[in-house]
Amino acid sequence: MGQFIFVSFGFLVVATSLSGTEAGFCCPLGWSSYDEHCYQVFQQKMNWEDAEKFCTQQHKGSHLVSFHSSEEVDFVTSKTFPILKYDFVWIGLSNVWNECTKEWSDGTKLDYKAWSGGSDCIVSKTTDNQWLSMDCSSKRYVVCKFQA
């Protein structure tokens, strides 16, 4: 009986120490975790529409990356720059449905933005928190994201 209590107490200590960390979820092999989401950088270049479709085929609930804080952008930049160096990646922000406002392809609220201007689709630089408008038919690298 004493051994059972000791082992049970050990599990309680471990569970308590892990609560509040990202230990409660796990991303698939090859994906990186941040704030209860999983991210993967792909080295294929494609247009925005093909990139979004590609992401939806990678994992259930996956879309082109959406950003909701500068910290999240910094995390993605830390993943893209070592692989892609100085380049651009598609992000899920666009106006490809020709509505009045841009929106994230994953349906989340547009609560953070770092771009100005023009075209229907947005890219993010792999080096910093800078977004640019770009023609949707341009071929760019892809970062996919889903909620874990």
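Don't overthink the numbers, they just go from 1 along the chain as shown.
Placement of Cβ uses the backbone N, Cα and C atoms for every residue, glycine included.
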Exercise. Considering the candidates Cys100, Cys121, which is the cysteine that Swiss-Prot reports in a disulfide bond with Cys136?
Worked result: Cys121
Problem set entry | Minimum Cα separation from Cys144 (disulfide bond), reported as the residue among disulfide-bonded residues Cys27, Cys38, Cys121, Cys136 that achieves it | Cys38
Problem set entry | Spatial neighbours, same chain, of Cys55 (disulfide bond) - Cβ under 8 Å, 6+ residues apart | Ser62, His63, Leu64, Val142, Cys144, Lys145
Exercise. At the Cα level, what's the spacing in Å between Cys38 (disulfide bond) and Cys121 (disulfide bond), rounded?
Worked result: 22
